[in-house]
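As recorded in Swiss-Prot:
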type    : residues                                                 : note
BINDING : K3, T160, D161, T202, G203, G204, M205, R206, T207, K208 : ATP binding site
BINDING : S43, D128, N140                                          : substrate binding site
DOMAIN  : 267-348                                                  : domain 'PUA'
Amino acid sequence: MLKVGSSLLAADGGGLSPRFALGLAQFVSANLAAGREVVIVSSGAVAAGRAILPKAAEAGAAIAARQALAALGQAQLIALWQRFFERPVAQVLLTHDDLRNRRRYLNARATLGELLRLGALPVINENDTVSVDELKLGDNDNLAAIVAALVDADALFIATDIDGLYSADPRSNPLARPLDEVAELSAEVLAMAGGSGSSVGTGGMRTKLEAAAKAGAAGIETYLFNGRSAEVVRGLAQDRLCGTRIHAARTRIAARKYWLRHAPVEPGTILIDAGAALALTDKGASLLPGGVAGAEGDFRRGDMVEIHLRDSVGSRCLARGVSQYSALDVRRIARRHSREIEPILGYSYGENVVHRDDLVVL
């Protein structure tokens, strides 16, 4: 799995440039020649769109303008990658809804698997033309990590515009030293992450470490490297360690539990009491309506939500899971016995608000 950021593809005067993409394509080709399957997650659609329609670019960060720029630039982005390969390049656009909904998640996995079987090169991007929240808050680093787990990748390579992870921000601290390997993403390591390296993209070093943590939970190592360095890219193509290697977690979680833990959540929360919290964390129980204190947001049945304990200390997230009931229904059956669900609602989807098989404790 290779993730390429906007800063490596955007031309100085606008649009896309093959300057660094060529070396990355050669890295991909070397892996393909070695018999490995490769999936690319590539940013750059918005940057490409700015050159096509400067008038839209003048609108700045307005969501509608960025969506229009993404629509204009996505074809250019795919064309950039296709020029480097004889094999067909397949465009795959995903949203958080595709990753949050279990059926769509599995459909995406099946599609990517078939593309790889057919010998195509999937190039994935978020569908920024419709993903309002992703344009404001999202990034392709975390998308790459989730997709890496989706396709059961062996490694995640994140190409950036610096040499990897440093002990401090090298742009402001002359004593910063590069880290060749990171055995564990501790709080100390996360604190080393600075801000975004470029105004072109939306992800900084912090999001790359978050992505590495997500990939690591699935047993996938992450490599952060400087995609602007021809020497580094050539070294990687020859299986030499260049940049920062971030080890995978010692214990790999099951595929479904991984999805429950890392899939995007619907903006909504189920609030529980201390008794329910104990049942979830210590006994591995399902969440029953009697332990529910309320619900926030407007989630639907089947949505992924966070489960919070709210007490005198405050509110904190204890678990995530797929709700069997909508937010409105959860509020109506809160504090009630399971046998009261059908008399109250007029229907029942089962005695659990969240079944233990659809729940992961954080």
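Keep in mind that glycine also has a Cβ here, set from the backbone N, Cα and C atoms.
Owing to the predicted nature of the structure, the values given are computational and were not obtained by experimental measurement.
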Rounded to the nearest angstrom, how far is the Cα of K3 (ATP binding site) from the Cα of S43 (substrate binding site)? 8
Residue among the binding-site residues N140, T207 whose Cβ has the most other Cβ atoms within 10 Å: N140
Three-state composition of the domain 'PUA' (267-348), taking helix and strand from DSSP: 28 helix, 29 strand, 25 coil
Around the Cβ of D128 (substrate binding site), other Cβ atoms within 10 Å, all chains included, total 27
Among the binding-site residues listed here, D161, M205, whose Cβ has the fewest other Cβ atoms inside 10 Å? D161
Euclidean distance between Cα atoms of N140 (substrate binding site) and D161 (ATP binding site), Å: 15
Among K3, S43, which are binding-site residues, the residue with the most C-beta atoms within 10 angstroms of its C-beta: K3
On average, residues of the domain 'PUA' (267-348) score a pLDDT of 95
For the substrate binding residues given in the record (S43, D128, N140), what is the largest pairwise C-alpha separation in angstrom? 11
Spatial separation of M205 (ATP binding site) from N140 (substrate binding site) - C-alpha basis, Å: 12
Could you state the CA-to-CA distance between M205 (ATP binding site) and D128 (substrate binding site) to the nearest Å? 21
